[in-house]
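J.: Take this structure, written in structure tokens, and hold onto it; I'll ask about it next.
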Amino acid sequence: MSELFWFEKYRPRSFDEVVDLEEVKARLREFVRGGNMPHLLFYGPPGTGKTTMALVLARELYGEYWRENTLELNASDERGINVIRERVKEFARTAPVGKAPFKLVILDEADNMTSDAQQALRRIMEMYAQNTRFILLANYISGIIEPIQSRTVMIRFSPLPKEAVFARLRYIADNEGVKISDDALEAIYEFTQGDMRRAINALQIAATTGKEITEETVAKALGMVSPRLLRETLNDAFRGNFGKAATQIYGFVVDGGIGELEIVKQLHREALKLDVPEYLKPEIAYIIAEAHYAILRGAHGLTQIYGALAKIRKLLKYTASI
């Protein structure tokens, strides 16, 4: 297996290599065909392809000269808007290499900038608009001021569907000579929730345990409870075998070294998959959220988990008797 970070090793280099995101690719291909584009704002959760798509667009626009014509900046890494201004000024001062009509600045984590810094960024974008285009990357659109939103074409990135994540993980596993079970893929997806970067990183971590990845090896490598074991524990608790369920949860924490907060997060996901009336699920979610909040405030983790399971059991038992 390669010692490189797999997420970087297998980062797509062209539109054709990008999984899913068909509508986004179609819009960006039009910009490439036209040879021009506006400022862009890519927004959406982490790991949904924003940085990858920005770099792919740079490669498609500039070909072999993409590095010379592209400046990557991270708003949280830079020492302030003055540093960004100076770097953009120096970058935009020279003409694009090749036949490109403009250069490209990719600014990650733009939503981490203060409002004042974003106002200054807006002026920088206007000042160098003649020969420079900006792609701003943000997790939260609410973190971007309206004057910047109005000067960009905004493109939303959503969490990737399970099928797309599975296909990419299988491709990487095959290339690295690793076997992975369907249950292991499910466990990775449960842990990462459509975040492709985290999913690939999780795959690489799990692969360090051997040439075959199972649900159990994923759980152990990522510090989570096996989803199968957690479902069995929930079923025990809700069928009234509370002593067995409590013993299992105690083992997850004490023997397995899994944090109570991680268990609560998994409980939330698994409990909402229960075959119960839909109107009960908000109540179940609220019970688990109360336990989560109490643990964050310093309450005893195991006690809160036991209490949440008992409340859910009581709720299910009561509604079944109506």
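Glycine too: its Cβ is placed from the backbone N, Cα and C atoms.
Per Swiss-Prot, the features are:
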BINDING   GLY44, PRO45, PRO46, GLY47, THR48, GLY49, LYS50, THR51  ATP binding site
J.: With the cut-off set at 10 Å between Cβ atoms, which of these binding-site residues ends up with the most neighbours? Options: THR48, THR51.
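T.: Output for this query is THR48.
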J.: Among the binding-site residues GLY44, PRO45, GLY47, which residue has the fewest other Cβ atoms within 10 Å of its own Cβ?
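T.: Comparing Cβ neighbour counts within 10 Å for the binding-site residues GLY44, PRO45, GLY47 gives PRO45.
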J.: Starting from the Cβ centroid of GLY44, PRO45, PRO46, GLY47, THR48, GLY49, LYS50, THR51, the recorded ATP site, name every other residue in that chain with its Cβ within 8 Å, sequence order please.
T.: PHE42, ASN139, PHE157, ASP195, MET196, ARG197
J.: Out of PRO46, GLY49, which has the highest number of nearby Cβ atoms, where nearby means within 10 Å of its Cβ, if these are the binding-site residues?
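T.: In terms of Cβ crowding, the pick is GLY49.
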J.: Within the chain of LYS50 (ATP binding site), which residues six or more apart in sequence place their C-beta under 8 angstroms from its C-beta?
T.: PHE42, TYR43, GLY44, LEU137, PHE157
